[in-house]
C-alpha cells in the first residue's frame, strides 16, 4: 500500500485549495478573466489553488516531480510525479456553474498509484489508490452495469480545432443513434461520474494529462476500462482517451471512428 503520509498531505492540500476556491467562487466577477488561447481562460483562482497545492508537495516531498496546468514541468529523480489541475472547469467557475473541481494524481515510474478529485460545490471527494478500489466521500464505488440502450455518454475535448471537430462528430453520431451525449465542462468530474456509475462513458480527443490522470485511476479502480481511441490501454500523456464501464466500450470506440 502507498505511504499514508502521501494520502494525508494530498487530501489536506486539496481540501485547503477547495475551501479557498469556494470562497472565491461566491465573489467571482465574470469579467475578471484572461485568455490563454481562443478556447481557454485563466483566473487568479487557478493560480492561487495551484500555489497552495504545490507548496505542500514541495514542503513534504521535495524530490517529487510536478506537472501542472499553470506552470512549467518540474522534473523528478525519484520516479514520483504529481499531475495537477488546480481548477478543472475554469469556464464553469467563471460563470457561477458549480461543476468545477480540483484534480490531483500521483504516479510512480509512470504508473498511476493515487488519484483525488474534489468538487467543493457538490461536496464530493473522489479518491482511488492502485489495487485498493475507488471511493466517493468514503464510500466504495463501482461503474454501472448498464449496456447500450440506456447509456449516458459524456465528452470533452482539447482546445485545438481538430479536437473540437472530432468531439462534435462523436456527439453527433451518438445523438443520431438515439443515445444521450453531454458535456459537463470538467473532465475530472466526468470521469468521477463514470467511476460512480452516474454515467457509462467519457470520450475526449486532445485532452491534457493533468485533466484526466486522477479520473483515469478512479475509473479503473471502480472496475471500468480506459483506453486510447484504438482500444489500447491509456498511458500517461496519451492525447486521446475513451473511458467506460466496460460494457459500452466497443460501442464508444465505434462512435469515435474505430471499427
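Including glycine, each Cβ sits where the backbone N, Cα and C put it.
Whatever TrEMBL says is automated annotation, not expert-curated.
Here the Cβ of residue 87 (Mg(2+) binding site) has 27 other Cβ atoms within 10 Å, regardless of which shown protein chain they belong to. Residues or ranges marked as Mg(2+) binding site in TrEMBL: 69, 85, 87, 88, 211.
Mapped onto three states, the DSSP output places residue 211 (Mg(2+) binding site) in helix.
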